[in-house]
Structures are given as structure tokens and as C-alpha cells.
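Copied from TrEMBL, the annotated features are:
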type	residues	note
ACT_SITE	247	active site
BINDING	14, 16, 99, 247	Zn(2+) 1 binding site
BINDING	16, 17, 18, 42, 136, 219, 251, 263	substrate binding site
BINDING	99, 136, 174	Zn(2+) 2 binding site
DOMAIN	12-316	domain 'Amidohydrolase-related'
MOD_RES	99	N6-carboxylysine
Ligand SMILES: NC(=O)N[C@@H](CC(=O)O)C(=O)O
Ligand SMILES: [Zn+2]
Ligand SMILES: [Zn+2]
């Protein structure tokens with residue numbers, strides 16, 4: 001008999017769905033496996049307030065396949081101009097979190113915060129109403145090496161935020177280092193982290209040895225194998241501070257395979273299968289359900305999904321490319337064989 005794995009239905013606590021013609025692809029792929037997803041607000045221009053978030057949510061809802069219960073959870077993008085009033089209005093509109101992108105840190109972060117002091121009133125208001133703070137945790141100063149930017153952010157900014165707002169719930173998104181895993185593990189309650197499938201499956205050798213592979217380029221950038229091991233350890237530890245966030249971030253093929261390529265890996269096509277691969281390799285498939293389906297909703301104070309999904313152990317190959325609104329999109333691990341398949 002084929003080996004099977006049945007899990008409480010999972011959610012994705014960090015995804016990029018983009019907009020317009022991309023939504024049919026991105027929403028369809030996410031909704032196939034996840035019941036809820038936290039939708040990143042880094043559109044151009046960004047989703048900065050309640051009105052933007054509600055309108056964006058409507059555009060996403062239009063692309064949810066008939067009868068699918070997928071629920072997009074909305075986030076506003078913090079800028080130097082986000083104030084307490086905007087936070088309160090967003091909270092009233094059902095926005096569950098606000099995202100801090102240090103200006104210039106990643107894709108579409110030009111409108112991000114230039115000095116954390118500028119958003120202290122907004123953070124006060126978030127702490128008061130229970131809105132979560134999501135962080136792209138990298139400093140952007142040119143003197144800091146790209147491989148050290150997460151660690152320096154933790155030392156310079158995150159440790160201060162955690163102390164200055166003692167009851168604010170904070171998620172350090174897409175962690176990539178042993179430093180981040182250790183910081184979150186030792187931090188006060190209410191500080192968590194998401195981990196992507198690609199940071200569990202790969203390290204910088206996969207991106208750079210034997211030729212440069214642009215589809216593995218994302219931010220924060222893949223680190224050494226030592227950090228990959230620390231992330232696998234954290235994700236499969238059963239510690240509820242670590243939960244699933246794919247950071248699936250599509251860019252059309254031409255924007256990746258070029259002299260100055262965009263950062264972002266498209267994993268939504270086979271996200272839960274990629275995570276299953278990583279947990280299976282670690283011999284920790286029994287820890288996947290907590291990470292994928294329980295610790296996220298618990299952290300956010302939302303109910304766990306009641307229904308289940310089933311994966312079967314069956315080799316299958318990812319397609320070489322996908323259509324995204326008439327453009328070609330190369331999924332991460334294109335053409336490679338995975339050992340688990342969602343039924
Ligand atoms: N992760 C990435 O490399 N890219 C994301 C932005 C982000 O999450 O930092 C994107 O929007 O393309
Ligand atoms: Zn990011
Ligand atoms: Zn992201």
C-alpha cells in the first residue's frame with residue numbers, strides 16, 4: 001500500500017500573490033493546499049491602509065476557485081507616514097498585521113521605513129489593539145555584508161523592538177540563520193518566526209556552485225549549510241514559535257534570468273510537498289503538522305482548521321515552467337523530482 005500522510009489543513013503565514021493577471025495563478029496555487037494565507041502588501045504602489053487592503057482583498061477573492069474556502073488575511077505596509085489612526089482604522093477593517101520593510105531591503109521596499117523611530121506611534125497603537133508586527137529582518141546599510149544583514153538587524157533593531165513593546169506580537173519572517181533561530185527561541189513570549197521551504201531545502205552552494213542559478217536567489221539570501229541545518233532543527237523541533245510561511249514570491253522568467261535579477265522564489269505551486277520533502281529528509285515527518293497547521297493559528301489567536309489534507313508517497317516531477325497571466329514563471333525546483341504528492 002502507498003504510504004500516506006494526513007494532516008490538519010495547513011495555512012501559509014507569508015505569501016506574495018501580486019496583483020492583476022498574476023492572481024489567477026498565485027491564488028489558485030495557494031488555495032489548492034492552504035486554507036488561509038497572510039498576503040504581503042509589497043505591491044507597487046504598496047498596500048498602506050485599510051482601504052487599499054480591502055480593495056486588494058476583493059481582487060484576490062475574485063480569483064478563488066468556486067467552492068474553495070481559501071481566506072486571504074490582509075496586511076498593511078508600514079511607511080514613514082503610517083500613524084496610530086491608520087493602524088486603528090486598519091484593525092477595524094480586519095487587517096491582522098502590519099509589515100516592516102526597512103527601505104531598500106528587498107523587492108518593492110522603496111516606500112519602506114527609513115528610521116524605526118518614525119513608526120513608534122504606529123507600533124504603540126498596534127500593541128494596544130493586538131495587531132501583529134511582521135518583519136523583513138535585514139539592515140540595509142551598504143557597509144554591512146549581504147550575508148550578515150539578518151544578524152545585524154537582530155542585534156540593532158529587533159532586540160530593541162522586543163523590549164520597547166513588551167506585549168507586541170512580532171514575527172521575524174523568513175529566517176535564514178542560526179542567529180535568528182536562537183534569538184527567537186530565547187525571546188519572550190509573543191515573538192515567533194516563519195521559515196520557508198527553500199531555506200530548509202537549500203543553502204548557498206545550491207545557488208552558486210557549478211554556475212549561478214537565479215531561481216534560487218531570494219532575500220534574505222540563502223546562507224551556509226550550517227545555517228540551513230539550524231533552520232531544519234528549529235522547524236522540526238516542535239517549538240511552537242516556528243511555523244510555516246512560504247514567502248512564495250513570483251517574478252516572471254525574464255525578470256529572474258537577466259543581468260540584474262529580482263529576488264524571490266516561486267514555491268506556491270508545490271509548497272506543502274516541498275516542506276514534506278524537507279521534513280522527511282530530516283526524519284521528522286511527525287513534526288510537520290504542528291509546524292504547518294497548528295503553531296501559526298495558535299500564534300495569531302485564530303482557530304486551527306478542522307479539515308485535513310492527504311499526501312501520498314509518490315515520485316513526481318515539477319513542471320519546467322508555468323503560465324502567470326501570459327508570462328512564463330519558473331517554479332523553484334522546476335523539473336526536479338519530489339517524493340510526496342498532495343492528493
Ligand atoms: N523574498 C524575496 O526575495 N522577495 C519578496 C520580498 C520579500 O519577502 O522580501 C518579493 O516580493 O519578491
Ligand atoms: Zn522579506
Ligand atoms: Zn516575502
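All residue numbers here begin at 1 and follow the chain in the order shown.
From the backbone N, Cα and C atoms, a Cβ is placed for every residue, glycine too.
Overlay of TrEMBL annotations on the structure.
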residue : record                 : Cβ contacts under 8 Å, 6 or more apart
14      : Zn(2+) 1 binding site  : 38, 40, 134, 173, 174, 194, 196, 245, 246, 247
17      : substrate binding site : 23, 26, 27, 30, 37, 39, 40, 60, 72
42      : substrate binding site : 16, 77, 99, 101, 106, 107, 108, 109
136     : substrate binding site : 99, 100, 101, 102, 105, 106, 109, 173, 174, 219
251     : substrate binding site : 107, 261, 262, 264, 266, 329
263     : substrate binding site : 106, 107, 217, 218, 219, 221, 249
Sparsest Cβ surroundings (other CB atoms within 10 Å) among the recorded positions 16, 18, 99, 174, 247: 18
Residue 219 (substrate binding site): tally of other CB atoms within 10 A of its CB: 21
For the domain 'Amidohydrolase-related' (12-316), mean pLDDT (0 to 100): 98
Among 14, 17, 136, the binding-site residues whose C-beta sits under 6 Å from ligand 2: 136
Contacting binding-site residues, sequence order - 42, 99, 136, 263 vs ligand 3, Cβ under 6 Å: none
Residues within 8 Å of the 99, 136, 174 Cβ centre (excluding the Zn(2+) 2 site residues themselves): 14, 40, 100, 101, 106, 134, 135, 137, 173, 247
